[in-house]
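A.B. asks: Below: one structure in structure tokens.
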């Protein structure tokens with residue numbers, strides 16, 4: 001049992017590192033927003049989803065809900081803080097109408113988390129029942145988050161291009177899913193296994209798509225570059241052969 005606990009801890013730490021990298025992936029987007037002083041067409045939905053997802057998992061990992069899950073608390077607690085920072089920056093650089101929508105959505109999420117926490121800790125009196133209630137909510141939110149790349153995958157198939165599906169995020173998603181699925185299987189936890197197993201399968205599908213359409217993407221990029229070069233040469237030749245408008249003296 002001690003060996004299993006050590007293995008679970010090691011895998012959980014690896015999962016924390018990979019999840020932390022995924023949680024930090026929006027940083028370049030917010031650097032761009034900060035430089036432009038505007039959120040432009042960026043959406044707050046991914047960060048609002050990140051807040052509620054991380055908060056329910058933090059609740060799930062608490063000792064009074066699901067004992068021996070401190071590594072679930074550490075990463076999701078950190079993720080909650082990061083998501084709130086992202087949303088705060090989004091609010092700073094949003095216009096009035098967009099800002100109001102984000103604030104209302106955030107308030108609804110916080111009220112939901114508060115209500116779930118109150119009911120779980122005051123009305124339910126066994127670890128098993130608390131884990132079942134919060135774990136079921138966690139599964140729903142986590143599957144919704146993992147399902148978000150489906151629209152991008154559809155675009156990849158339609159365009160035969162992986163331009164809008166970054167390889168390293170897909171690879172990190174795969175590593176994250178494998179790490180947390182392994183963590184949950186060492187001491188079986190269905191509420192962590194189900195969504196992360198689903199996430200692993202989706203990440204594998206993304207990597208397969210990447211391998212399938214990588215060459216066609218490179219051909220498309222090469223064709224676009226060639227077209228640009230041809231157009232540029234036409235412009236240069238046209239300018240060179242155009243008669244001068246200056247009068248002769």
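Note: Cβ is positioned from N, Cα and C throughout, glycine not excepted.
Because TrEMBL annotations are produced automatically, they should be read as predictions rather than curated entries.
Annotations for this protein, taken from TrEMBL, read as follows:
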- 6-24: transmembrane segment (TRANSMEM)
- 44-62: transmembrane segment (TRANSMEM)
- 68-93: transmembrane segment (TRANSMEM)
- 100-121: transmembrane segment (TRANSMEM)
- 133-152: transmembrane segment (TRANSMEM)
- 164-186: transmembrane segment (TRANSMEM)
- 192-214: transmembrane segment (TRANSMEM)
A.B. asks: Which one of these stretches, 44-62, 100-121, 164-186, has the most C-beta pairs shorter than 8 Å to the transmembrane segment (68-93)?
C.D. replies: 44-62
A.B. asks: Is it true that the transmembrane segment (164-186) and the transmembrane segment (100-121) have 3 or more CB pairs under 8 Å, sequence gap of 6 or more?
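C.D. replies: No, since the transmembrane segment (164-186) and the transmembrane segment (100-121) share fewer than 3 Cβ pairs closer than 8 Å, they do not count as touching.
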A.B. asks: Going along the chain, which residues at least six beyond the ends of the transmembrane segment (133-152) come within the CB cut-off of under 8 Å?
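C.D. replies: Non-local partners: 46, 49-50, 52-53, 56-57, 59-60, 65-66, 116, 119-120, 124, 164-165, 170, 173, 177, 190-192, 194-196, 198-199, 202, 206.
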